[in-house]
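Listed in TrEMBL:
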{"type": "TRANSMEM", "residues": "12-33", "note": "transmembrane segment"}
{"type": "DOMAIN", "residues": "12-416", "note": "domain 'Ammonium transporter AmtB-like'"}
{"type": "TRANSMEM", "residues": "45-66", "note": "transmembrane segment"}
{"type": "TRANSMEM", "residues": "104-126", "note": "transmembrane segment"}
{"type": "TRANSMEM", "residues": "133-153", "note": "transmembrane segment"}
{"type": "TRANSMEM", "residues": "165-186", "note": "transmembrane segment"}
{"type": "TRANSMEM", "residues": "206-223", "note": "transmembrane segment"}
{"type": "TRANSMEM", "residues": "229-256", "note": "transmembrane segment"}
{"type": "TRANSMEM", "residues": "268-287", "note": "transmembrane segment"}
{"type": "TRANSMEM", "residues": "293-314", "note": "transmembrane segment"}
{"type": "TRANSMEM", "residues": "326-348", "note": "transmembrane segment"}
{"type": "TRANSMEM", "residues": "368-393", "note": "transmembrane segment"}
């Protein structure tokens, strides 16, 4: 270990932020779990939580070295693999981390790496096999996330060198996971009972989503504020911008919900709880790339723009976007990240943060061009990696749950959990249910009777 003396305040803030970012993964599990049908509730929690088991090991063994180790503009090296002593002595390839120990930096970046593949799980609800999912998490993090993080967050990264700005991970976290979620949904195809006009076909647990939203908001302050890597005014600015962007997105979403109901001539203008929770996440996503680079007034505008555009997209997508991206991962994170990256190139200001160039609004139109280049690279690379990984697995070991098991639910199929109430009700009513000849009813009856016999 190095004998260098580090700033205790900066170190304490980064370690605190690390804990807040770690909190975001179980918060995401609650957020996603509350939106899915009861038969897939526990499985959806698992898909997020299992990333906390897989990614830290991957990050310690190779991920950190590939991303921040000495190397080229494209790839790191194996020099820091398995956290060799050299990785705790120098951060020569990293930016802005001279005041904190390398281990603190490594832990914070690991927390960010954990939540990224967990975001993808919202696009494959109820139809992906468990073991292939876990293999995919390892391969995707190694082949997609690590290179993108290298290109953007390392001083040696080529996107960083040409001038792409991204304060806290809009490209490598939100755009990459949103695009990958869309590709995964296309390859896995729709669920058995998928209907684009129906939000959810079964009972859900919305209180979990509300709690998850609140915890995500709290964790996001560490996510964006901690990305400053120092305890100073930029960290404080990032937290302020994070809060006001989320709040403004919620406000515009509420207004649009009311207007939408009125235009549809509905007597009561109600506000959707899942929609309001999604609005919060959208505001947090769109501000992430610009959190430490813009004034709070622009953060409010950013939240308004993101909330308006994504609400409009979600309101109209059922007419033309019939892809079973179950929990709108692409809409909220992919599109949200794209909007945030572009607005960062528009509103960024050297007077706010001396480490960033002025944006297009302040005469530097070239910055917007750099942002577009970053987006094209992130979108293309994420789509290519996800397609290559999933198609290879699909053709070799198989990745999709069969039709009957989808109807039964992954809580039972993947985790052995039996809904006793459902099984008992099916047993009591088995004759009337059996007389119903629709394929869906027949599958449901056979499945629940089988569960009853097993119990």
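Using the three backbone atoms N, Cα and C, a Cβ is placed for every residue, glycine included.
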Are the transmembrane segment (133-153) and the transmembrane segment (206-223) near each other by the rule of at least 3 C-beta pairs under 8 angstroms (pairs 6 or more apart)? no
At least three Cβ pairs under 8 Å linking the transmembrane segment (104-126) and the transmembrane segment (368-393), pairs spaced 6 or more in sequence? no
Sequence-distant contacts of the transmembrane segment (268-287), meaning Cβ under 8 Å and at least 6 residues beyond its ends, amount to 31, 35, 170, 174, 199, 206, 209-210, 212-213, 216-217, 220, 224, 241-242, 245-250, 252-254, 257-258, 261-262, 299, 302-303, 305-307, 310-311, 314, 328, 332-333, 336-337, 339-340, 343
Outside the transmembrane segment (45-66), at least 6 residues beyond either end, the same-chain residues with a Cβ under 8 Å of its Cβ set are 22, 25-26, 28-30, 32-33, 75-83, 87, 106, 109-110, 113-115, 117-118, 121, 130, 133-134, 137-138, 141-142, 145-147, 150, 414-415
Any contact, the transmembrane segment (12-33) to the transmembrane segment (293-314), with at least 3 Cβ pairs under 8 A: no
Near the transmembrane segment (368-393) in space but 6 or more residues beyond its ends, with Cβ under 8 Å, are 132, 135-136, 139-140, 143-144, 147-148, 151-152, 159, 162-166, 171-172, 175-177, 179-180, 183-184, 187-188, 338, 341-342, 344-346, 359-360, 399
